[in-house]
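Here's the structure, in structure tokens; my notes come after.
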């Protein structure tokens, strides 16, 4: 794969393709756009793939600490896909950097508040007064991340940033349905709205750079055309 990508990005991309997480073809998205590729993080359910995604997340987080000043106390995974992610990533961070990250905790939310036992919406470490790093698979419209940020703030936590597996670098659908208009991405809007850093293991640019060593010319061409048509302004 492309030497332009960091080794952990190459390894993650390879695992995603071999595991059927990243597929090429023709896929209708919620936006009704027809995408030449599809990323389904729900397929990271085997031991090998769970290890691959948690390792890639951990290395992305450590890279952001070293190069972008990211600082956090707790890994937060929004229900549902974020739940296994936050626990696996926390374990992996402690394994990779025990001298610096073995005290990192994790938390996740419930879709519905529990009214017995310990009660509440949050499971895991208390968020109050802590710097919280949200982890999830992708950001589509940003609605779920806004809900997570709201929950964290209500619990007294401070949102330090967000890390996702994939940044499609794709503009949001236009309100009037005219996709020829320029526009921002969901990630760009969240950065602007909340003033928080958002990082990704892979971007669409990374996928295109990497796929040149394994994909067909037709898949590469269609993916590049899709990027050109729907690329965000941010």
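Using N, Cα and C of the backbone, Cβ positions are placed for all residues, glycine too.
On a predicted model such as this, the values are computed, not experimentally measured, just so you know.
According to Swiss-Prot, the feature 5-phospho-alpha-D-ribose 1-diphosphate binding site maps to 30, 80-81, 110-111, 114, 116, 136-144, an assignment based on similarity to another entry. Long-range Cβ neighbours of residue 30 (5-phospho-alpha-D-ribose 1-diphosphate binding site) (same chain, at least 6 residues apart, Cβ-Cβ under 8 Å): 140.
Marked as orotate binding site by Swiss-Prot on the basis of similarity to another entry: 38, 39, 140, 168. Cβ environment of residue 39 (orotate binding site): 16, 21, 22, 137, 138, 165, 166 lie under 8 Å away, each six or more residues apart in the same chain. The DSSP secondary structure for residue 39 (orotate binding site) is strand.
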Pairwise Cα distance for residue 168 (orotate binding site)/residue 139 (5-phospho-alpha-D-ribose 1-diphosphate binding site) [Å, integer]: 8
Residue 111 (5-phospho-alpha-D-ribose 1-diphosphate binding site), number of other Cβ atoms within 10 Å: 8
Cβ neighbours within the same chain of residue 38 (orotate binding site) - under 8 Å, at least six residues apart: 22, 23, 25, 27
Cβ-based neighbourhood (8 Å from the centroid) of the orotate site, residues 38, 39, 140, 168 excluded: 29, 35, 37, 138, 166
Same chain, 6+ residues apart, C-beta under 8 Å of the C-beta of residue 81 (5-phospho-alpha-D-ribose 1-diphosphate binding site), given in sequence order: 41, 42, 136, 137
Among 140, 143, the one of these binding-site residues whose Cβ has the fewest neighbouring Cβ atoms within 10 Å: 143
